[in-house]
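Peer 1: Take this structure, written in structure tokens, and hold onto it; I'll ask about it next.
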């Protein structure tokens, strides 16, 4: 509007307007960053980042691109994290998303081989699986990626330090190296990106269990596995191990797994898990583990007992902030240890910032990347930028996977001012008609009845994450159901169902505001 209103005036007037606009931007930026003119103090670095995971590396590289002198520290590499080991690349690359997805691929071949027989492939009845070979291939890949991340930092001109970083003051970092040597550096800005770590339940015998870290690096593949938890990590490992022939018992507190996701889609996932012969134990938790000659004896809160070779705790993660010395410096954390930040990722100390899982906002790797990008733009790019948490797509890599973007049906009804239209499609994929696998794909669109705007989309079935990434762009652009309907589908594909759901399955009044306890 500003440029339209002055289109016909003299350029000298335009210069005054541009100067005024810059003052407005500087005024906004002043809430989030100090200009160089205001602070002539000499620092060793313009920015020092503690934690070289996905978010920290992104923030470091992009800040360096804007001309900042950047340092970053990270613990030494190891596949299993602890207070003294970690590795460049962080949880996602070393002991999270990437190695998990490799194992999902491996586990999926089990079902693919079964299905292949009906497609004419003469497969021997007994097909062997070599866990140790897969483990070595997985380790080779994460070591390769660790090296790539180090090169990305080096190529961006970021100075890397291997060791544990501690915040000593508002503008001072101490790095403790492997040999105990302590190095101190000053920085105009400090960014904390130390992520989170898996936590264990406080029950007798909890030391006999493992977390997702160890599950990705087991020396032997178990024959019997018990998993405690109903989140995406629990569901994914249940699918992985079952796909490799392991007997799996999954225990969770609610009636359905994946609390917080769309209830209808949760039921689909549960049905698929059972269809693949995973034993589900809803509304059940573990109370005690004990070591026996027949493995680990597991006792539940219903008095049941069973035996397992491995017990996986997938009971959540906690922010990795305890050893950072935040309290004495004045950085506030909540009761879980998550660092409190404003909408620009700034902490209660103006020179210290935090992004990623350590802030416990939306704990997804791509979100940490977004937060790192916004931080660099705000502090060093002169572009105050707030992370946008709307319509962030996500996926649960169960077999088959679940993926979604936007609001669930329950969320849409809760937030709606009027009625909500729900469109669903459930069908047997073409591939399954020949293999005779009884596993339906389910798709869903949630639409505002008054505006026709698509509020949410979800899918459980093969390739769901690949399809949902494209749907996410449409929702980000504010697509309407009419625009979905006017889009020509790709045939034959599962994805075309998203543009051929013409009639609503149900119409729900926003006034109902149902509460779920599933």
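If you go along the chain as it appears here, the first residue is 1 and each next one adds 1.
Placed from the backbone N, Cα and C atoms, the Cβ positions cover glycine too.
Below, the features straight out of TrEMBL:
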- 45-372: domain 'FAD/NAD(P)-binding' (DOMAIN)
- 92-97: disulfide bond (DISULFID)
- 101, 165, 194, 195, 196, 357: FAD binding site (BINDING)
- 229, 230, 231, 232, 233, 234, 235, 236, 316: NAD(+) binding site (BINDING)
- 392-501: domain 'Pyridine nucleotide-disulphide oxidoreductase dimerisation' (DOMAIN)
- 491: active site, proton acceptor (ACT_SITE)
Peer 1: Mean pLDDT over the domain 'FAD/NAD(P)-binding' (45-372): what is the value?
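Peer 2: Value for the domain 'FAD/NAD(P)-binding' (45-372), mean pLDDT as a whole number: 97.
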Peer 1: Compile a sequence-ordered list of residues in the same chain as residue 357 (FAD binding site), six or more apart from it, whose Cβ lies below 8 A from its Cβ; state 'none' when nothing qualifies.
Peer 2: 91, 195, 196, 317, 319, 320, 363, 368
Peer 1: Cα of residue 491 (active site, proton acceptor) to Cα of residue 101 (FAD binding site): how many Å, rounded?
Peer 2: 28
Peer 1: Work out how many Å separate residue 233 (NAD(+) binding site) and residue 97 (disulfide bond) at their Cα atoms, rounded off.
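Peer 2: Per the Cα atoms, residue 233 (NAD(+) binding site) and residue 97 (disulfide bond) stand 10 Å apart.
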Peer 1: Please find, for 229, 230, 231, 232, 233, 234, 235, 236, 316 as listed binding NAD(+), the greatest distance between any two Cα atoms, in Å.
Peer 2: 14
Peer 1: Nearest to residue 101 (FAD binding site) in three-dimensional space, by Cα, is which of the recorded positions 92, 231, 235?
Peer 2: 92
Peer 1: Do me a favour and check the Cα-Cα span between residue 235 (NAD(+) binding site) and residue 97 (disulfide bond); whole Å is fine.
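Peer 2: Per the Cα atoms, residue 235 (NAD(+) binding site) and residue 97 (disulfide bond) stand 14 Å apart.
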Peer 1: Can you tell me the CA-to-CA distance separating residue 316 (NAD(+) binding site) and residue 97 (disulfide bond), as a whole number of Å?
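Peer 2: It is 15 Å, counting Cα to Cα.
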Peer 1: Quick one: Cα separation, residue 92 (disulfide bond) versus residue 194 (FAD binding site), in Å?
Peer 2: 12
Peer 1: Using C-alpha atoms, which one of the recorded positions 97, 165, 194 comes nearest to residue 229 (NAD(+) binding site)?
Peer 2: 97
Peer 1: With DSSP as the reference, give the number of residues of the domain 'Pyridine nucleotide-disulphide oxidoreductase dimerisation' (392-501) in helix, strand and coil.
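Peer 2: DSSP composition of the domain 'Pyridine nucleotide-disulphide oxidoreductase dimerisation' (392-501): 36 helix, 33 strand, 41 coil.
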Peer 1: Work out how many Å separate residue 231 (NAD(+) binding site) and residue 97 (disulfide bond) at their Cα atoms, rounded off.
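Peer 2: On Cα coordinates alone, these residues lie 14 Å apart.
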Peer 1: Can you tell which of the recorded positions (101, 491) has the fewest other C-beta atoms within 10 angstroms of its C-beta?
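Peer 2: Each of the recorded positions 101, 491 was scored; lowest Cβ tally within 10 Å is 491.
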Peer 1: Would you list, in sequence order, the residues of this chain other than 229, 230, 231, 232, 233, 234, 235, 236, 316 that have their CB within 8 A of the centroid of the site's CB atoms, where the site is the one recorded for NAD(+)?
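Peer 2: Along the chain, the qualifying residues are 237, 257, 258, 314.
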Peer 1: Note down the number of other Cβ atoms within 10 Å of the Cβ of residue 195 (FAD binding site), including every protein chain shown.
Peer 2: 27
